[in-house]
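See structure below.
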Amino acid sequence: MLFKQQALLRQKLFVLGSLAIGSLLYLVARVGSLDRLQPLCPIDGRFGPRSQDEIPLRALQFKRGLLHEFRKGNATKEQIRLHNLVQQLPKAIIIGVRKGGTRALLEMLNLHPAVVKASQEIHFFDNDENYAKGIEWYRKKMPFSYPHQITIEKSPAYFITEEVPERIYKMNSSIKLLIIVREPTTRAISDYTQVLEGKERKNKTYYKFEKLAIDPNTCEVNTKYKAVRTSIYTKHLERWLKYFPIEQFHIVDGDRLITEPLTELQLVEKFLNLPPRISQYNLYFNATRGFYCLRFNIVFNKCLAGSKGRIHPEVDTSVITKLRKFFHPFNQKFYQITGRTFNWP
Ligand code: A3P
């Protein structure tokens, strides 16, 4: 009899314990996802007001739903206004470099509760047709956010397009500019790989990288080839420096963002005057992908699309050596201007 009662008690305790653990896990998951919308970390300095009134969790839940509904076209503008959601011009832009890791950088920064990303590349400043539509058109392309948050967009074509520095300067002369670079030869091959894949998808043939990168008449590096020109970072940066002081740029090491993302992200947080909120918890290595992936909370995580991290074709070593020799003096100048040295050959 006593034994039966003890067993019953144990059973009850087990059920109660399971319920408690279940509720705790649910709460952690909810709070984790709400974290992104909470004013946990007001931003210092010129990014706006330091603090905002605390928003109760239930209101946040509602706001989150509202934001989603609005995107689907189901909520009224009046509701958005009442809840203080705004479409803000970016306070920072990832201007390039194409294939440097721009998507990974944007997605990883978006882990920060005070950052809201523009998911699509807007191509406002590099595309004349878009630019002619005016700044309000650009602002309307931005995601909804709370006033204390900052919006970041990325369009890697900005870095290499002649007209862009002046146009961005006219919008906001104190904007923060992020440039993510990779070892120039690897970046050029990555650039080629993307174009090659596009051609293959359309069943078209394409030249070998070696043929494009080396001028067959002179046997020298072909500076007319776009993938080569884009990797001459210093040439492009010098154009930007006619409008913005070097302090307004932050250079991200794209090779290190692959192997040690947190170190790079912490430097960006500092540059953007954001309180450090991205932690190792938010980044986990996925052996199948061979890259770090993103963890927002215990229920939501994601890796970048398969188009990021393509296998590069094998390139003749003599061509690689020639390219590295070609980029060397430009790299030295780039280190000198930016004050950031890389271990590029
Ligand atoms: P590869 O495809 O050559 O490997 P971008 O977003 O500017 O187009 O850059 C693409 C590059 O981002 C990829 O180039 C990949 O190496 C790099 N990258 C950096 N971090 C990554 C991550 N966590 N997941 C996938 N790709 C990442």
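Numbers run from 1 along the shown chain.
Backbone N, Cα and C define each Cβ position, glycine as well.
Caution: TrEMBL annotation is automatic and unverified by curators.
Per TrEMBL, the 3'-phosphoadenylyl sulfate site holds LYS99, GLY100, GLY101, THR102, ARG103, ARG182, TYR292, LYS308, GLY309, ARG310, ILE311, HIS312; the candidate it also names there, chosen from SER190, SER318, is SER190.
For CYS303, the cysteine that TrEMBL lists as its disulphide partner among CYS219, CYS293 is CYS293.
Counting only same-chain residues six or more apart in sequence, the Cβ atoms lying under 8 angstroms from the Cβ of LYS99 (active site, for sulfotransferase activity) belong to PRO156, ARG182, ARG187, SER190, ASP191, GLN194. On the 0 to 100 pLDDT scale, the domain 'Sulfotransferase' (90-334) averages 97 in this prediction.
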